[in-house]
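Colleague: Quick one: this structure, given as structure tokens, is what I'll be asking you about.
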Amino acid sequence: MDEDGEKRYGVVDWISNLPDSLKFEILLNLPTKEVSLLSLTYFASGYENLVEDLVVVIDAPRLEYLSLRAHRIASFELNNLASLVKADIDMVYDHPKTHVIQNVLRGISSVKDLIISSSTLEVIYNYSRCETLPLFRNLSSLRVEFDNYKWEMLLIFLESCPNLKSLVMGSTSTWGPKKEGSSIIYGPQCLLTSLEYVEIERPLKGEAMEMKLVGYLLENSTILKKLNLRLDKSIKKEEYVVLKEELLTIPRLSTSCQVVVSDDPH
């Protein structure tokens, strides 16, 4: 009983016990002003049970963090995400519809800190071959999780990031072999005029494509301050010394750039 003599009933939180998919549907159907949504993680993985006519709409003007795993959703609409600070995007589309990719890219184009998977990078690259990428003017920090040599596709995306300061090239697994004759780098090289910090997490072995990547970054970054590299621990001592010296003596456009070469900690 409360002070007025009326029985006080316990408050039951039915919403928290619902499946995530149903909670997400409830949020989507609430008026925007009722949601006050700041952080959202949406996960839809696997190729089975693809619903071709399913459209997931995210309309959240106060959203600051978005983690999107879209492996089996036919269509996404991202609206009113001007407050977005950080996004982690993992998209897989075998035959993407142009308007779907366009909507996702425009939806996150105001983000400041972005993480993308290797598959997302491939989607972006394929889209760029037929359409113009939106500018990511606010993007200052980018991390790309690579699982192979698709890093060459990254150069196309970097052209749409005019104010990027930090780039980290992560590695989800051992990068696969590069097929001969499939290089994407062509024509005039693009100057990276805002990039200040770069880290390549994958331990280097001195392979041709690795050296090409390091050379490209050093020779085209006008104000680069630091490049962090790691050497594979399997390299023989004599080869290690030669490779390290070769990396440290690659010509660099930025006279203040420091190249740091360390051992693989794993």
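Cβ coordinates come from backbone N, Cα and C, glycine included.
Under the heading domain 'FBD', TrEMBL lists 189-262.
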Colleague: Take the domain 'FBD' (189-262) and average the pLDDT across it for me.
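Modeller: Taking every residue in the domain 'FBD' (189-262) and averaging pLDDT yields 92.
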Colleague: How many of the residues that make up the domain 'FBD' (189-262) does DSSP mark as helix, as strand and as coil?
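Modeller: The composition, in the requested order, is 25 helix, 18 strand, 31 coil.
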